[in-house]
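Taking it in order: structure first as C-alpha cells, then the write-up.
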Amino acid sequence: MRLRLEKRAAPSAAMRWAAPLMATLLMLVTGMLILVLLGKAPGDAFRVFFIKPLASVYGIGELLLKTTPLLLCGLGLAIGFRSNVWNIGAEGQLTIGGICGAGVALAFGDTESSWLLPAMLIAGVIGGMLWAAIPALLRTRFNTSEILVSLMLVYIAQLLLGYLVHGPWRDPDGYNFPQSRLFNDWELLPLLWDGVRTNIAFLIALLLAALSWLFTAKTYAGYRMQVAGLAPAAAAYAGFSERRNIWLALLISGATAGLAGIAEVAGPIGQLQPQVSPGYGFAAIIVAFVGRLHPLGILLGSLLMSLLYLGGEQAQIELALPSAITGLFQGLLLFFLLAADLLVNFRITGSAR
Amino acid sequence: MTDSFPPTTSAATPGSAPRLALRGISKRYPSVVANDAVDLTVQPGEIHALMGENGAGKSTLMKIVYGVTRPDAGTIHWQGEPVTIDSPAKARALGIGMVFQHFSLFETLTVAENIALALDHRAAPSTLDARINEVSERYGLPVDPKRLVHSMSVGERQRVEIVRCLLQAPQLLIMDEPTSVLTPQAVQTLFGTLRRLASEGVSILYISHKLDEIRQLCDTATVLRGGRLAGTATPRLEDDAGLARLMIGSELSPCQLPPKQPGEIMLELTNLNLPSSDPFGTHLQRVDLRVRRGEIVGIAGVSGNGQKELMAALSGECLSPDVGAVRIGGQPVGRLGPAARRRLGLGFVPEERLGRGAVPAMSLSDNALLTGAATAPAMLRHGLVSRRAARDFATGVIAAFNVKCGGESSIASSLSGGNLQKFIVGREVRLDPQVMVAAQPTWGVDVGASQMIRQALIELRNRDVAVLVVSEELDELFAICDRLVVIAQGRLSPSRTPAQTSVEEIGSWMSGGFIAAADAKQEVRDAAAA
C-alpha cells in the first residue's frame, strides 16, 4: 500500500475552498509546534496569539483597523491576479498613496476645510495609480516584467518617503525627528466609535469589496479580464485588448493600494513617518490567494492576516519573541496554501502494489 | 493500388507467435471507462487498423501498449511472452514505437534535441542531425533538425514525431492518425514506406477513422465503439457504409450541396502582404481571395504554409498595414481588431478549440459570452453582461447542435473534442454571421460530429452567408466546397471548382506547383505596366 496522486477529472470546487482552511489549520499546528520548541507553553502561546487580541472591544477595533489596508490592497491585487497581471508592488503604491495624500494635507491643511479630507483621499488614490502606471507603461511599451518593475518600485517609494521626512517635509518643531508635523483633526479620518481606532476607511473597504464583486461577476470589463487571465489566446481571439487589460489591472490595484496608504497616514499614524506600513502590501498578496481572489474570501483572509499581525505584537510583548514571528506565520500560511492547492487538481489515493 | 502490394500474412504462420496479443484489457478513469475487456492481436508484418470514433478508447488502448498508461485488468503478450509494459522506455526496449496524435514534444527545444531526448541511448548531435536528415529524406518527411518546435505548425510537428519513431527501427509501429496533415502525394509516400516496413517484417498498428485509407492500406481492422470491441473486419472486403456502420453503429448520410448562384463579394483579400512576426513563420505574399454570398470556398494545403498567418489576418488577431487589403462586406477592415470585425458580420472558428475558441475553465454559458457579447445585443447591456441571455444562448446551441454535455454550466474542458467543436461552431453559426471563416473545422473530430459540422456550414451557405473553410482533409473540401484554392509557401493559388480540378492537381499545387506560373504571369503584368 502506498499513496499516489491521481489527477481529478475536474478541479474540485469543494477543495478550492477547503484548501485555505486546511492551510490555516496546518499553520496553527506548525506555528504552535515551533513555539513549543522555543520553550513556550502551547496553551499560553495560543491564548496570547489568537485569543487575547480579540478579548476586548479595543482589540476588535484594532483587528478591523489592520484589516482595512489588507482588504483594500487584496481586493485590487486580486482583480489583477485574476487577469494574469502580477502587481507585486502594492507596498510601494501604498507608500506613494500615503505621500501624496499627506502632501495635500501639508500644503493646504493649515486652515480647516471640509473638502480637505476627500482631496487627501483622492490624492492618495491618484498617487497609487501613478506609481502603478509605471510598470503598466513599461510592460505595454517594452514588454518588461511587471513583477520585477513593481517590486523594485517599492524600494524607490520607500526611499522617497525617507527623503521627504528627513528633508523637506520634516516637522520644524519636531526636535529633528524624521517625521512630518502631526495632522490636524480635520485632516484625520473620522473614527467609527469612541474607544476604538477603527475609522471610516473600514466602511469604504467593505463598500469596495461589494463593488469588486460586482465588477468581476457582472461587468463585461470584469469578464474580459477574467478571460485574459484564464486563456490569453481566447482573449486575443475574442478581440479583448491585452494593453487595456494590463492598464486596468495595474491602475485598479494601484488605486486601492494608494487609498490604503492615505488611510493609514490619515488614520492611525496621523503624520508621515519613515515607515507607513509593516508590509501590508506584501501580506495582501497572501490574503488575495488565501481568499481565492474572491471578495468575500479576501475579507476573511484579511481578518486572519490582521489577527496574525496583532498576535505577533502580543507575542513580542508577552512571550519575548522577536518581531519576525509575524512573518513566520505569514510564510507558513502561504506555504501550506500552495501545498493544499495541489489537492484541487489531484486527489490522494492508496494503491496496493 | 492495393493490388500491387499483396497483403502479408494476416494469419499467424504456424509455430510463430503473434507479435502483440492483448487479452481482456480494461482501463477506468474517474469519469469514464475507456477500455472494457478489449482483445487485439497483431501478427508480424501485418498492417492492422484500429478504428473507432473519437472517445472510442483507441488512444487509451495504444497508450497502454506503449507503457504510458497501466491497464486495470488484462494481459499483454509480446512475441508470445507475457510482459508488463510499465514505461515508454520499456516499450521502446521491446521494439515498440509510437507516433502520438497529441504531440509529446518540448516546445522550447529544437527538433534534434527532442529526438535525442526520446532515444534511449545518447547520440552525438552531429551524427544525429545527419541521421534525421537521412530518415526524413528517405520517407519524404522534410524537417529541419535545428528548428525550435514552438515555431512549428501541427503538421510539421507530426513529421518530427514520425521521424523520431522511425529512427529507432521499431518492430511494432503505432501510428495515431498520421495522415491528416499530409498532401495526397505524401500520404501515398507514407503508405509506401509503411508497406515497405511491413514487408521487412515490422508490424504496424494504424489508428484512423478515415475509411478509404484503411481500405487502401490495412490487412485487418479491429473496431472499437464506446470502449468495447465492436468487431474485426477485413477492410478490403467491406465498403465505406459497412465500416462506418461498425464504427458508429448507424448509417451516415452524405453531404448535399445544392447548386446555387453566388451573390456579391462579402470577404475580399487584395494583394495582402504580411510578413510573419515569427522568425520561422510563413510570410503571406500577394494573397488575393474573394468569397461571395452563398458559396463555400475551401483552402487546401499542408499545414505550416501560411494557414495560421492567413487566419490571423482574417480574424483581426494580426492587423494588416494596408487597411484595404482585407474587406468585409466591402468595408476596409485591415486595421480593425477581432471584435470590430465581428460586429461587421464575421464569424470565426479557430483551429485550436481549447484555449482559443473556448476558455477551458469556464462554463459553456460563459464561453457563449466570449464572442456573443460583441455581437448579440441581448448578452451585453450598458457594460453589464446578462448571464441569463448567455445561458439561454448556450442552451440553444447545445440543443441545436446536439452537444453532449452536462448542460450549459458544464466546464468547456470537460467536453470531448468533437462536442466542444460542435459547441464552438454552433455558437458562431447562431451569432448570425454574414461571413464565416472556419479553420480545420473537423480536425480530430469523430465521423458523426464532422458530418454535423459540415452540414452546418452548408446550411450557412444556403442561407446566403459567405463561407471560407481551411482544411487539410481534401475529401472534406471536395465534398463541401463550391470553389477550391491551395495555399503553399504563403501564396494562394487560382481557384477551381471541384469539377474543374482533381486530387492530383490540388496535390501538386499543395507542394507549390502553381507558384512558377503565377510569378510568370505577374512578370508579364509588371512589364505591361512599365
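Every residue gets a Cβ built from N, Cα and C, even glycine.
Long-range neighbours of the transmembrane segment (A:21-43) within the same chain, counting only residues 6 or more positions beyond its ends whose Cβ lies under 8 Å from a Cβ of the stretch, are 49-50, 290, 304, 319, 321, 328-329, 332-333, 336-337, 339-340, 343. Sequence annotations record features per position, and here TrEMBL assigns transmembrane segment to A:21-43 (among others).
TrEMBL lists A:63-81 (among others) with the feature transmembrane segment.
Annotated transmembrane segment per TrEMBL: A:88-109 (among others), in sequence order.
Residues or ranges marked as transmembrane segment by TrEMBL: A:115-138 (among others).
Listed by sequence, the residues of this chain that lie at least six past the ends of the transmembrane segment (A:147-165) yet keep a Cβ under 8 A from its Cβ atoms are 86-89, 91-93, 95-96, 98-99, 131-132, 134-135, 138-139, 178-180, 250, 272-276, 281. Residues or ranges marked as transmembrane segment by TrEMBL: A:147-165 (among others).
Summarising the annotation, TrEMBL assigns transmembrane segment to A:196-215 (among others). Through the fold, the transmembrane segment (A:196-215) approaches residues 57-58, 60-62, 64-65, 67-68, 71-72, 75-76, 78-79, 188-190, 221-222, 256, 259-260, 263, 267-268, 294-296, 298-299 of its own chain, all at least 6 residues removed from its boundaries and within a Cβ separation under 8 Å.
Positions annotated as transmembrane segment by TrEMBL: A:246-267 (among others).
Taken from TrEMBL, the feature transmembrane segment covers A:279-304 (among others).
Under the heading transmembrane segment, TrEMBL lists A:324-344 (among others).
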Which sequence positions outside the transmembrane segment (A:246-267), separated from its termini by at least 6 residues, show Cβ-Cβ distances below 8 Å to it?
65, 68-69, 72-73, 75-77, 79-80, 83, 85, 87, 90-91, 93-102, 105, 117, 120-121, 123-133, 135-136, 139-140, 146, 150, 183, 187-189, 197, 199, 201, 204, 208, 221, 225, 276-277, 280-281, 284
What parts of the chain pack near the transmembrane segment (A:63-81), using Cβ distances under 8 Å and only residues at least 6 beyond its ends?
53-54, 87, 90, 94, 196-199, 201-202, 205-206, 208-209, 212, 215-216, 222, 225, 229, 249-250, 252-257, 259-261, 263-264, 267-268, 277, 280-281, 283-285, 287-289, 291, 293-295, 298-299, 301-303, 305-307, 309-310
